[in-house]
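Heads up, the thing below is written out as structure tokens.
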Amino acid sequence: MVRFSNSLVGILNFFVFLLSVPILSTGIWLSLKATTQCERFLDKPMIALGVFLMIIAIAGVVGSCCRVTWLLWSYLFVMFFLILIVLCFTIFAFVVTSKGSGETIQGKAYKEYRLEAYSDWLQRRVNNAKHWNSIRSCLYESKFCYNLELVTANHTVSDFYKEDLTAFESGCCKPSNDCDFTYITSTTWNKTSGTHKNSDCQLWDNEKHKLCYNCKACKAGFLDNLKAAWKRVAIVNIIFLVLLVVVYAMGCCAFRNNKEDRYGRSNGFNNS
């Protein structure tokens, strides 16, 4: 049992070390070569994650295979808090993504999105001007509105209404159905006179760098994509959490074996 648990912890952490190398390399590459806001947003988290995994993996390998008890204890201490963090984040992700979905519009294939339908916590994130300015820049650089305009260049209004738009395209590239604007192209609409209950109608602009990027519908479209992504992450986290618990249990066995081995040596016994 001594050799099995220690060796297993060492092998598992060796694979974690191998995993950390491409993550760290990608983060460094992005920090040096990134040209867009979206790419630059990912470099520091990836570097931090890569370094963290590398340090944890080295501690696990050395602590278990070289029988360094204090290092293995530190490894288990960090692993315990990592399990708690992953568990809390998974629960949090399911809670904040439990609300909100697209609204079906009669006579149209696409859905529209209302910011009020999503959780208060998510709403506060996108209503923060600093956060949204960064997100908006990222959305604009992704050029999905430009691509939509190319795909629907020859569409009539009836053709456009048959398009199954993504949440981004529906929320950011066109005005709300409440505005009742006149269709010219997918990203160009003639405004109608009068007042509108939906504040997004006043925010709509035909200029390509504006469109509806500041609209509540665009924020809602972003949250709908974020919601779907977080749910996938939460499911992956459950699997990851199970693996963490298994590795932690093996680490506890290895820690106990290290102590027994040290006790045996101090008393003139050999436990190998």
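Each Cβ is built from the backbone N, Cα and C atoms, and glycine gets one as well.
The N-linked glycosylation site annotation in Swiss-Prot covers Asn154 (among others), and the record cites sequence analysis as its basis. Within its own chain, Asn154 (N-linked glycosylation site) has no residue 6 or more apart in sequence whose C-beta sits under 8 angstroms from its own. DSSP assigns Asn154 (N-linked glycosylation site) to coil in the three-state reduction, placing it in neither a helix nor a strand.
The N-linked glycosylation site annotation in Swiss-Prot covers Asn190 (among others) and rests on sequence analysis. Counting every protein chain shown, the Cβ of Asn190 (N-linked glycosylation site) has 9 other Cβ atoms within 10 Å.
Summarising the annotation, Swiss-Prot assigns topological domain 'Cytoplasmic' to 1-7 (among others).
Mean model confidence for the topological domain 'Extracellular' (29-45) is a pLDDT of 74. Annotation source Swiss-Prot lists topological domain 'Extracellular' at 29-45 (among others), citing sequence analysis.
Panel annotation: around the topological domain 'Cytoplasmic' (67-75), residues 6, 56, 59-60, 251, 254-255, 258-259, 261-262 of the same chain, lying at least six beyond its termini, place a Cβ under 8 Å from a Cβ of the stretch. Annotation comment: Swiss-Prot describes 67-75 (among others) as topological domain 'Cytoplasmic', evidence class sequence analysis.
Per Swiss-Prot, topological domain 'Extracellular' is recorded for 97-234 (among others).
Under the heading topological domain 'Cytoplasmic', Swiss-Prot lists 256-272 (among others), citing sequence analysis as support.
Annotation source Swiss-Prot lists transmembrane segment at 8-28 (among others), citing sequence analysis.
The feature transmembrane segment is assigned by Swiss-Prot to 46-66 (among others).
Per Swiss-Prot, the feature transmembrane segment maps to 76-96 (among others); the stated evidence is sequence analysis.
Sequence annotations record features per position, and here Swiss-Prot assigns transmembrane segment to 235-255 (among others).
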Go through the chain and flag residues at least 6 beyond the ends of the transmembrane segment (46-66) whose CB is under 8 A from any CB in it; none is fine as an answer.
5-7, 9-10, 12-14, 16-17, 19-21, 23-28, 30-31, 72-75, 78-79, 82, 247, 251, 254, 258
Are there residues at least 6 beyond the ends of the transmembrane segment (8-28) whose Cβ is under 8 Å from a Cβ of it, and what are they?
42-51, 53-54, 56-61, 63-65, 247, 250-251, 254
